[in-house]
C-alpha cells in the first residue's frame with residue numbers, strides 16, 4: 001500500500017462520525033453524494049469511461065484488530081477486511097474499507113471473499129434483499145485539506161457489513177465545490 005493510501009486509511013478508521021442531521025454539508029451536491037442509498041460504485045461509473053478497483057487488502061481478522069467504533073453494529077466475530085481504491089479513468093476517487101462478518105459471508109448467492117477487482121457495490125446491490133442503515137458522515141483533515149467520508153451498515157439478505165468510504169481529492173463529489 002502506498003504512503004498516501006496508508007495515511008488516508010488511518011484517518012478514515014479514526015474519523016469522528018456524525019449523524020447526517022447534525023452534520024454541516026458544504027453543499028446540496030455533496031449531501032446527495034454522501035446520503036446516496038444505492039450503489040456508490042454505480043454512481044461513480046456514470047462519471048467515467050472505466051471504473052476500476054485496486055484491491056489493497058482482502059483478509060480475515062479478529063475483532064481485536066478493529067476499533068471500538070468499527071465493531072459497533074456488527075456481531076463480535078472474525079471479519080473479512082476488504083480495503084480498496086476505486087478509480088475513474090485511472091484517477092483515484094474513493095478509498096473504501098469494508099468489514100464483513102463471517103456469518104455474513106455464509107449462505108450468500110455471491111462469494112464476497114473472492115471479488116478481487118470487482119466493485120463490492122455492484123455485487124451487493126445485485127442481491128434480492130439490500131438495505132442501508134446507520135449512515136454517518138465526517139470531515140477528515142488531511143495534509144491536502146478536508147475530505148468527505150461516510151460509513152454505513154449494508155444488509156445483504158438480512159446479514160450486515162460495515163462500509164466506510166473516503167472521497168479522495170479528485171472525486172466527483174468535489175466537482176461543484178471548494179472544500
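Cβ from N, Cα, C; glycine included.
For 82, 120, 165, the entry in Swiss-Prot reads substrate binding site.
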Shell of the substrate site beyond 82, 120, 165, same chain only (C-beta within 8 angstroms of their C-beta centre): 83, 84, 96, 97, 98, 119, 121, 163
Maximal Cα-Cα distance (Å) across residues annotated as binding substrate, namely 82, 120, 165: 12
Surrounding CB atoms that lie within 10 Å of the CB of residue 82 (substrate binding site), all protein chains: 22
Neighbour count (Cβ, 10 Å) for residue 165 (substrate binding site): 25
Under 8 Å by Cβ from residue 120 (substrate binding site), same chain, sequence gap 6 or more: 41, 82, 84, 96, 98, 112, 163
